[in-house]
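These come from Swiss-Prot:
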- 1-76: transit peptide (TRANSIT)
- 56-72: compositional bias 'Pro residues' (COMPBIAS)
- 56-82: region 'Disordered' (REGION)
- 100-120: transmembrane segment (TRANSMEM)
- 138-158: transmembrane segment (TRANSMEM)
- 166-186: transmembrane segment (TRANSMEM)
- 188-208: transmembrane segment (TRANSMEM)
- 229-249: transmembrane segment (TRANSMEM)
- 253-273: transmembrane segment (TRANSMEM)
- 326-346: transmembrane segment (TRANSMEM)
- 362-382: transmembrane segment (TRANSMEM)
- 403-423: transmembrane segment (TRANSMEM)
- 424-444: transmembrane segment (TRANSMEM)
- 460-480: transmembrane segment (TRANSMEM)
- 488-508: transmembrane segment (TRANSMEM)
Amino acid sequence: MAPPGQLLPLARSLLPLSAPPFVSGRRRRLPTLVLGRALPPPTWLPHGRLSPAHPLPFAPPRRLSRPPPPATSLPGASPGGGAEAQAVLAEFVTSERVKVAAMLGLALALCNADRVVMSVAIVPLSQAYGWTPSFAGVVQSSFLWGYLVSPIIGGALVDYYGGKRVMAYGVALWSLATFLSPWAAARSLWLFLSTRVLLGMAEGVALPSMNNMVLRWFPRTERSSAVGIAMAGFQLGNTIGLLLSPIIMSRAGIFGPFVIFGLFGFLWVLVWISAISGTPGENAQISAHELDYITRGQKLVKTQSGGERLRKVPPFSKLLSKWPTWALISANAMHSWGYFVILSWMPVYFKTIYHVNLREAAWFSALPWVMMAVLGYVAGVVSDRLIQNGTSITLTRKIMQTIGFVGPGVALLGLNAAKSPVIASAWLTIAVGLKSFGHSGFLVNLQEIAPQYAGVLHGMSNTAGTFAAILGTVGAGFFVDRMGSFRGFLILTSLLYFSSTLFWDIFATGERVDFDGTG
């Protein structure tokens, strides 16, 4: 150890700066280095303070005039908590893009309400006009005649003209068909059937238009939630149509729901045209922060109109040559099979299997659609949260679609074994609710593998879904006629769900697919 007399000089030699007076009465003048640059010796003031004229050896911290805005995200996706989460939620709820999603949800609610009102009206109409059950089935299926091809045409129109314009024309046209149904039925049966065909043709553009608007208005990390909001309206339309139509009929006659729902459609078109823009860049009310957030979250090639446009004939052969396309077609077909079988036959199922009256059967059949609306939004939030936390888009879509297929498949087997209508309704609610996870699977995936052809892809897969819906609806009746029970058909539907899950998990992808190249 150094002698005590040498400790003070040793300490002075180790100091990087000149020692202040309290170290020694004699001030040493050592050069001060700041980032490798020699500075002149500092001027020491009394009490050991540096002269203000002497530069500090580090840059003083800068104080921001205002903190940067938090990264906008969906409810549940904010990494912060407390006040920050509330601020993010408030910004999201009041944002322009949520207004778009809400209006899309209302449009899809009207779409389904106008569709299912015939399911309620078919009984009094058959009695009033003397229709046989077989002809009543023809009337019910007339909607699908128009719906069979229109999604392909509508998808191409959406890709070229944009979702706002096509959706406006679609809602106006199907509302007109609904509104004119009483007038047509009073004059000619074929004229009445024509209004149903027109309804199907017009509603074929609804889902492609919804996909196009979500693609333009939402960043990739929020699209599942946006689709969840829109599809919640779609499912609530079933509930609205099934539950309100009998009430309206009791007060305004058989055709009361047709007139009222048609008028609501015209009102929606007026609000849509005046309050909603085709793209964020065309919106005068959107904040600069929200516009920047949406733009940064998208990776699209912009045109002068602000969005992607399809300026050539879609390469159908190229689209059909890729396995991800067939994964989408298969998923949409299976989704539509189960959807229309449940929508068309479950009231009859409860009446024939459990011998409940029609009113109770309607309630048992309507409740699952409420669950589908709720879980559809939950699935969207969960899906977006997975992506925001680093899960790949491909894996996220496969997880969501697996739940959306395996869940209903297992629940339908439980429905097959149910001994009471309450237990059966519980299994049906589980089946329909979990089915909504597919909205964050194949339905969002359309926008990801080919955003420039999303409308056409939706139309192609939707047409396959319509064929499957017709086949499933007719097949259910065939099983009942030949086997006297729905049970065999429910088992078949479960097996189809499981096989479709396997096909999806093997061939689906969340990455963009090259449909324009030569490879």
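The count begins at 1 with the first shown residue.
Just so it is clear, glycine is given a Cβ too, placed from its N, Cα and C backbone atoms.
Only residues 6 or more beyond the boundaries of the transmembrane segment (229-249), in the same chain, are considered here, and those with a CB under 8 A from a CB of the stretch are 98, 101-102, 104-117, 119-121, 124, 210, 214, 256-257, 260-261, 343, 362, 365-366, 369-370, 372-374, 376-377, 380, 436, 439, 443.
In this chain, the transmembrane segment (166-186) does not touch the transmembrane segment (424-444); fewer than three CB pairs sit within less than 8 A of each other, excluding pairs fewer than 6 residues apart. Sequence-distant contacts of the transmembrane segment (488-508), counting only residues of its own chain at least 6 positions beyond either end whose CB sits under 8 Å from a CB of the stretch, comprise 323-324, 326-328, 330-331, 333-334, 337-338, 341, 394, 397-398, 401-402, 405-406, 408-410, 412-413, 415-416, 441-442, 445, 472, 475-476, 479-480. Here the transmembrane segment (460-480) has Cβ contacts under 8 Å with residues 141, 144, 147-149, 151-152, 155, 204, 207-208, 316, 319, 325, 328-329, 331-341, 344-345, 352, 442, 446, 486, 488-489, 492-493 of the same chain, all six or more residues outside its ends. When Cβ-Cβ distances below 8 Å are used as the criterion, the transmembrane segment (188-208) is approached by residues 107-108, 111, 114-115, 118, 129, 139, 142-151, 153-155, 157-158, 163, 166-167, 169-171, 173-174, 176-178, 180-181, 443, 454-455, 458-459, 462 of the same chain, each at least six residues removed from its ends.
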